[in-house]
Amino acid sequence: MIRSVVRGIGSALPKRVMKNTDFEGIIETSDEWIVQRTGIRERHIAGEGETTVSLGAAAARAAIENAGLQPSDIDLVLLATSTPNNTFPASAVAIQRELGITRGFAFDLQAVCSGFIYAITTADLYIRGGMARRVLVIGAETFSRILDWTDRTTCVLFGDGAGAIVLEAAEGHGLTSDRGILAANLRSDGNHKEKLYVDGGPSTTQTVGHLRMEGREVFKHAVGMITDVIEASFEATGLTAEDIDWFVPHQANKRIIDASAKKLHIAEEKVVITVDRHGNTSAASVPLALATAVADGRIKKGDLVLLEAMGGGFTWGAVLVRW
């Protein structure tokens with residue numbers, strides 16, 4: 001059977017780092033207040049000339065180089081983002097141009113913070129269906145451009161950045177010891193869409209709008225939804241939490257991460273945490289955390305890695321991948 005194997009990985013972050021203390025002159029808050037409630041200490045903020053496309057292209061180049069490939073080897077460019085450069089065309093097409101790719105196809109996918117999980121799952125289907133051999137999966141965001149910088153409950157949470165992987169078709173044996181994606185489960189429930197949203201859009205207000213969130217409601221639902229979809233992935237493969245080498249969750253809030261790991265009985269030392277230095281980078285969150293753990297030598301070939309995310313909609317999902 002065909003498996004979608006991770007061939008390469010890369011990341012990119014804006015130059016500017018904004019620490020919690022930098023907010024003290026803008027809004028009523030403190031480093032202690034932010035760290036205690038979120039675990040975030042700093043985040044990267046896009047500056048002039050830094051966009052979703054430029055960050056996504058930089059992460060993509062790094063992933064392609066890490067894979068030992070050329071841009072011309074890519075069949076599909078799939079970008080997960082909620083902050084595209086333009087309403088249309090897709091920012092994936094712009095990244096395709098930046099990379100000099102003139103073959104295959106490219107499109108954007110929007111599932112907010114779950115975007116990278118949705119994109120990996122979509123890429124896996126294209127690969128196993130024979131429509132693409134190599135897929136460049138990117139999560140890139142510039143959420144700083146849609147924040148209300150007077151709202152202390154949201155503006156301190158988010159950062160900008162991008163991460164990317166190259167998925168490649170490989171022959172597997174149908175075993176959980178195979179390298180590649182072993183299981184993926186996605187969910188959504190539009191009944192919760194008013195709990196996390198942007199209050200604008202071309203078809204309604206003809207503006208971009210700002211991010212709005214009912215933080216307590218999101219927190220209340222997050223742990224249960226995340227663990228349920230992870231359990232579905234375990235059930236599909238016969239694997240358990242004890243088999244996991246590394247848990248790479250969406251980096252939204254350390255309290256949500258800790259509660260999810262505890263409910264799943266995953267040891268703290270197996271959890272990859274980057275929320276302290278990146279903040280919540282939405283669709284870029286999971287690939288940035290992955291890239292960090294690969295770069296520092298934690299995630300190695302053959303490791304079983306659990307990915308998960310939850311975002312506006314609500315959308316949520318989980319992926320089990322053998323590195």
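Glycine is treated like the rest: Cβ placed from N, Cα and C.
In Swiss-Prot, the feature region 'ACP-binding' is placed on 251-255, out of the ranges 46-50, 151-155, 251-255, 311-315.
In this structure, the C-alpha atom of H250 (active site) lies 7 angstrom from that of C113 (active site).
The helix, strand and coil residue counts that DSSP assigns across the region 'ACP-binding' (251-255) are 2 helix, 0 strand, 3 coil. Each residue contributes its Cα atom, and for N280 (active site) and C113 (active site) these two points are 9 Å apart. Sequence-distant neighbours of C113 (active site): residues of the same chain at least 6 apart with a C-beta under 8 Å from its C-beta are H250, A252, N280, S282, A283, S285, A309, M310, G311, G312, T315.
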